[in-house]
Amino acid sequence: MSKVYVFDHPLIQHKLTYIRDKSTGTKEFRELVDEVAALMAFEITRDLPLQEVTVETPVGPATSKKIAGKKLGLVPILRAGLGMVDGILRMIPAAKVGHVGLYRDPETLQPVEYYVKLPTDVEERELIVIDPMLATGGSAVEAINCLKKRGATSIKLMCLIAAPEGVEVVKEAHPDVDIYLAALDEKLNEKGYIVPGLGDAGDRLFGTK
């Protein structure tokens, strides 16, 4: 069964307060999301395997460590997931970036894939699916489906804020995918928004309505 991790680092929680604040403007909101994504990347990579190597310093040889195992890949869900990519790349600059685009069918209300572009070696990478909000869980489940259909076997989900309903949907659909959050909020309202949440992450990132 998948595990859920909520990061309580003081810097993450401090910045998340300003992200939630409706008076925070687009520029500051964008910068804060970027910063929190970078901090979350630090936390989500704590379990990466290491191997010992020997390097030459200006003084002499040194035994040190470097990351081993699968290479990393980032997969933002369009469009709001894009706001978290640069912050993560600052921490993991060698990661390749794919994209998954989804829209909601007006009749069935189910997410439909309209764009998928992934690294050619997804089966050899540990992929981090990125979306600021995990509300109903439908988009996250479908994005993970897209990756698995193309051969991905090692996947994590990173979101700023989640509703319990969305977390349970993802856990049921993908029990092999761990979920990493900055906050787990109270519930969804009748419109499917996370309460208290932060509003529409995409609109606040890109200055749209």
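Quick reminder: no glycine exception, Cβ is built from N, Cα and C everywhere.
Taken verbatim from Swiss-Prot:
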- Arg79, Arg104, Asp131, Pro132, Met133, Leu134, Ala135, Thr136, Gly137, Gly138, Ser139, Asp200: 5-phospho-alpha-D-ribose 1-diphosphate binding site (BINDING)
- Ile194, Gly199, Asp200, Ala201: uracil binding site (BINDING)
CB contacts under 8 angstroms to Arg79 (5-phospho-alpha-D-ribose 1-diphosphate binding site), restricted to the same chain and 6+ apart in sequence, sorted by sequence, are Gly101, Gly202, Leu205, Phe206
Cβ contacts of Ser139 (5-phospho-alpha-D-ribose 1-diphosphate binding site) (under 8 Å, same chain, 6 or more positions away): Ile77, Leu102, Pro111, Asp131
Is Met133 (5-phospho-alpha-D-ribose 1-diphosphate binding site) helix, strand or coil when read with DSSP? strand
Rounded to a whole number of Å, the separation of the Cα atoms of Ala135 (5-phospho-alpha-D-ribose 1-diphosphate binding site) and Ile194 (uracil binding site) comes to 6
What three-state class does DSSP give Ile194 (uracil binding site)? strand
Please list residues from the chain of Gly137 (5-phospho-alpha-D-ribose 1-diphosphate binding site) whose Cβ is under 8 angstroms from its Cβ, counting only those at least six apart in sequence. Glu165, Gly166, Val167, Glu168, Val169, Val170, Ala173
Using the Cβ center of Ile194, Gly199, Asp200, Ala201 as the uracil site position, which other residues in that chain lie within 8 Å, going by their Cβ? Pro132, Met133, Tyr193, Gly197, Leu198, Gly202, Asp203, Arg204
For Ser139 (5-phospho-alpha-D-ribose 1-diphosphate binding site), what is the secondary structure by DSSP, using just helix, strand and coil? helix
As a test of the contact definition, list every same-chain residue at least 6 positions from Asp200 (uracil binding site) whose Cβ is closer than 8 Å to its Cβ. Tyr193
Return the maximum Cα to Cα distance in Å (whole number) over the record's 5-phospho-alpha-D-ribose 1-diphosphate-binding residues: Arg79, Arg104, Asp131, Pro132, Met133, Leu134, Ala135, Thr136, Gly137, Gly138, Ser139, Asp200. 17
So, three-state DSSP: helix, strand or coil for Gly199 (uracil binding site)? coil
